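J.: One structure coming up, written as structure tokens, with questions to follow.
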């Protein structure tokens, strides 16, 4: 079915207040279909235990067959629909050519394209392994202040993926430095982190000015927004009982400094440790209240693909995302953020978290190096 035929069935539901005039609705629809298809591929790779096909990149983080396959699927989908747009991707095809696993990756991509063939007209297909490599290499934009740029992380949290734990397929549209659309697929994220045996797998979507939405990743893949429910951060709670989200890998953030911040805020609850932008997703639907990512290196700058989609998701669900000094994140600097760390929380406590941080590291971070 062509996009022009989406019409009222797609847009008008009691659960989904989006209307036909919503800016970036088509972009969100294509992004959802692409992220869902890429998520299906990562699930298949994970289920078939292809962890032995991982490769070490130059930055020592693992890359998998799922990583490259997901990037190819999403870039093909985006550029087939928006050919003048650019994509900031994390991977290029050099490693898979060197390791000669392009045919293996294409095999999985092709299987998913056949499984999800109902959407081939909207997403277009990758024809062969050469097309696969060419498509992956189109994610080479440097970002910047002008234009329509898609920030893509095909598997955010590759170590979590290899453990069979949390990871996310993340995609965001940035227009002239402003994040307009964010879509995140979390195949292993429980629908409710507070409940045991909760169903797993979520697709999260945000459109600037029109809220954030959740649906079961296993639901209808043709009209995903049609089954999405609005989500909101948790605002009504005692700060001392807040659940704090932190990363699993200690190399990614200063857990010692984060512990001091929790003590300063008198937070008694144990932290919830998750890989990837799944933390933004959990925060956006009220499964936790604060996300701390304090830098271990004061000179480190976050990559835009690691935060753009989650940034919009939390903002549109009633939260706030800033650097460690309370400044809003800016996505117009290129492939990285020109800021330090990330703090996300519901609006009613965000300023208290920033005040606690500044009381420890100083108003301008003059004491930050002591904790790095």
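Glycine is treated like the rest: Cβ placed from N, Cα and C.
Just lifted these from TrEMBL, have a look:
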BINDING   90  Mg(2+) 2 binding site
BINDING   153, 155, 156, 306  Mg(2+) 1 binding site
J.: Using CB atoms and a 10 A radius, I'd like the single residue among the binding-site residues 90, 153, 156, 306 with the highest neighbour count.
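T.: Result of the Cβ crowding comparison: 153.
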J.: Determine, for the Mg(2+) 1 site, the additional residues of the same chain whose CB lies within 8 Å of the mean position of the CB atoms of 153, 155, 156, 306; present them in sequence order.
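T.: Checked against the 8 Å cutoff, the neighbours are 90, 154, 157, 158, 167, 168, 169, 170, 276, 277, 305.
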J.: Helix, strand or coil: which one is the residue listed as 'Mg(2+) 2 binding site' in, per DSSP?
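T.: The residue in question, the residue listed as 'Mg(2+) 2 binding site', is coil (DSSP, three-state).
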J.: Tally every other Cβ atom lying within 10 Å of the Cβ atom of residue 155 (Mg(2+) 1 binding site).
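T.: That number is 31.
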J.: How far is it from residue 155 (Mg(2+) 1 binding site) to residue 90 (Mg(2+) 2 binding site), counting Cα to Cα, in Å?
T.: 9
